[in-house]
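Structure below; questions to follow.
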Amino acid sequence: MTEAENKKVTMEEKPETTTEVEKPVIDEAEKIEKALQDPTKKRKAEDEIEIDINSSVPLSKKQKRMLRRGKITLEELNAKYNIDASSISEFEKEQKEAKEKKLNKDKDGNNDTEATDDADSEKKKVKKETFGVWIGNLSFDTTKEDLIRFIRAKTKDDEDEANRVDEKDIVRVKLPLASNEGKQIKNKGFCYMDFATEAKMLAVVKLSENQLNGRNLLIKNSKSFEGRPDKEDLVASSKNPPSRILFVGNLSFDTTEDQLKSHFQHCGDITKIRMATFQDSGKCKGFAFVDFKEEASATKALKDKTCRKLALRPIRMEYGEDRSKRQVTKRPDQQSQGSNSRGGNFTRKPFDIANESHPSSRSNNNQNDSKPALKKNNSYKNRTNAKLGKNNRLKSSIALSSAQRGSAAIVPSQGKKMKFD
């Protein structure tokens with residue numbers, strides 16, 4: 001081939017190479033456009049995004065919330081953000097629909113309230129017609145069937161038919177059960193029963209103190225709360241009798257004597273505060289005794305509701321034991337001895353054992369031979385009874401008192417001394 005032909009071939013190949021370079025550039029541009037159009041794919045930093053700053057902005061959720069509550073107006077929002085008119089019209093439509101729904105609900109609600117009022121009145125009538133009974137002191141194995149059977153059997157022989165209770169007359173039986181961690185389920189010891197008429201209820205109340213499953217039942221009217229202790233009356237619920245000492249419990253460990261004094265000083269004069277403390281830290285153990293000058297001050301502290309909390313912590317209060325009022329019961333022998341010693345009529349009698357050095361005692365014994373003999377016998381019996389234990393055997397201390405004891409003296413050794421070379 002000549003040189004001219006070679007040049008023609010090279011000129012024809014060059015445009016083909018230029019087209020191959022332009023193709024990947026076009027493909028990249030198409031990919032970027034597709035990525036911008038596809039919302040699912042994440043955009044890279046290299047992707048270009050065009051934003052029109054002057055375009056209108058739709059209402060956000062926060063702005064709608066502020067408009068509903070009346071904290072801002074549409075004019076103020078338009079002045080700041082240039083809000084889109086279509087979003088404003090949508091918001092107004094939403095408000096109109098919400099108002100219409102409320103009006104419809106109010107209309108339906110009036111009809112519903114009338115119906116509910118009628119239903120409530122009927123329920124109240126039903127409740128008024130029932131008469132309840134509380135049954136206590138039940139054995140834990142008692143069932144509903146046992147109770148119904150017991151009431152029917154006790155009231156069937158009554159002459160008045162109104163007092164006879166049948167299974168139909170029992171409206172409700174509520175027997176609470178206690179869960180025992182997978183074991184046999186038993187009741188809690190009490191039960192509620194409702195009856196159709198008051199006569200039936202009174203007839204069942206009369207059955208109180210009758211035995212069921214080996215226990216005396218306690219039956220009361222369920223609406224009667226007589227005999228129940230008042231939890232707020234701390235004076236009546238106190239275990240100890242009234243005294244000038246006040247026990248204070250459930251204290252925090254940071255409590256001090258000054259805090260207790262300032263807390264109870266308005267009740268009366270305080271003579272002493274005895275607070276239990278730890279030896280190492282000196283902090284309060286959680287309880288203390290406040291000694292007042294008068295008993296009325298302690299009762300005032302128990303009745304005053306402002307004293308029931310200290311440093312935002314509920315405290316427990318009751319009367320403390322006053323040892324000065326403690327009454328020690330004496331035996332009749334001690335009482336007679338004490339009365340004789342105080343009156344001055346008590347005279348010690350001489351011992352019954354006759355002694356040669358005391359002739360007066362010997363003469364007295366000879367005069368009354370019969371009486372001292374009886375006394376000796378009684379004293380011997382008392383002595384023997386004192387020596388015996390529970391099993392009619394001698395006590396260990398008495399048995400060992402007569403045992404032979406080894407001497408404490410040093411005894412010389414009698415063995416032979418061996419030496420090894």
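In case you wondered, yes, glycine gets a Cβ from its N, Cα and C as well.
The shown structure was predicted, so the numbers you read here are calculated from the model rather than taken from an experiment.
Copied straight from TrEMBL:
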type     : residues : note
COMPBIAS : 29-46    : compositional bias 'Basic and acidic residues'
COMPBIAS : 90-110   : compositional bias 'Basic and acidic residues'
COMPBIAS : 318-333  : compositional bias 'Basic and acidic residues'
COMPBIAS : 334-344  : compositional bias 'Polar residues'
COMPBIAS : 357-385  : compositional bias 'Polar residues'
COMPBIAS : 394-405  : compositional bias 'Polar residues'
DOMAIN   : 131-224  : domain 'RRM'
DOMAIN   : 244-322  : domain 'RRM'
REGION   : 1-24     : region 'Disordered'
REGION   : 29-48    : region 'Disordered'
REGION   : 85-122   : region 'Disordered'
REGION   : 318-421  : region 'Disordered'
Mind checking how the domain 'RRM' (131-224) divides into helix, strand and coil residues in DSSP?
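Result for the domain 'RRM' (131-224), in helix, strand, coil order: 26 helix, 29 strand, 39 coil.
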Looking only at the compositional bias 'Basic and acidic residues' (90-110), how are its residues distributed among DSSP helix, strand and coil?
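Per-class counts: 21 helix, 0 strand, 0 coil.
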Kindly report the helix/strand/coil residue split of the domain 'RRM' (244-322) according to DSSP, in that order.
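Within the domain 'RRM' (244-322) the tally stands at 21 helix, 28 strand, 30 coil.
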